[in-house]
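Let me begin by presenting the structure, written as structure tokens, before commenting on it.
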Amino acid sequence: MRKQLLSPFVPFLMFFLYSYTSLAQTPSPAPSGPTNITAILEKAGQFTTLIRLMKSTQEADQINTQLNNSNQGLTVFAPTDNSFSSLKAGTLNSLSDQQKVQLVQFHILPSFLSMSNFQTVSNPLRTQAGNSADGEFPLNVTTSGNQVNITTGVNTATVANTIYTDGQLVVYQVDQVLLPLDLFGTAPAPAPAPSKPEKDVPAKAPAGSKEDASVDASGASIATVSFGAVLIAAISLKI
């Protein structure tokens, strides 16, 4: 009898328990607040070097200000820590503060580009580092199916995956640091050729040298002979 009374309530009891368990396992939504690029990268992990560069150059604050105070979209290419580790030793330390700013800005596009946008975008792309038309910061995109490659004129990186997107900001993980042509593509100036030694010019004989003395002596001899001849001629005339 009890089983018959409880049987209609069993499905409702199971549904209640399932709903309660599902609600308990659902994470609470993240607190609403302004977009923060470094917080996004920190949550994704493996972007410590990029975060440090963004903070030291104050580009992180610039990105957050643009996103939270305007409707301007941004696209960020984020190299992993392994990508920075693969650079030649001392590469980052060799850059000036201004060059580090340009390096970070070279990874930022002043517009929102979804993966499908890369199929139709016009090259070269303009980055925050400056207009690429002058050849200093060219950035070109090529696609092959779903693969997106980014060429800088120095190296080529591939978009690995999408870290974050909200319709205004999109962050893509790339497998290499994007190296701008203006900073890394200039060949070192050749060493100056050694100067040729000047030919030795014989020094002029100083005044009063033996050559001058011999000239003077020969002149004196000629004068003495001339005077003697004149004297003999005069005596002859008197006789």
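Every residue number used here counts from 1 along the chain in the order it is shown.
Placed from the backbone N, Cα and C atoms, the Cβ positions cover glycine too.
Of the listed segments 114-138, 139-163, 189-213, TrEMBL assigns region 'Disordered' to 189-213.
Residue counts for the domain 'FAS1' (34-178) under DSSP, split into helix (H, G, I), strand (E, B) and coil, are 49 helix, 36 strand, 60 coil. Residues belonging to the domain 'FAS1' (34-178) score a mean pLDDT of 93 in the model.
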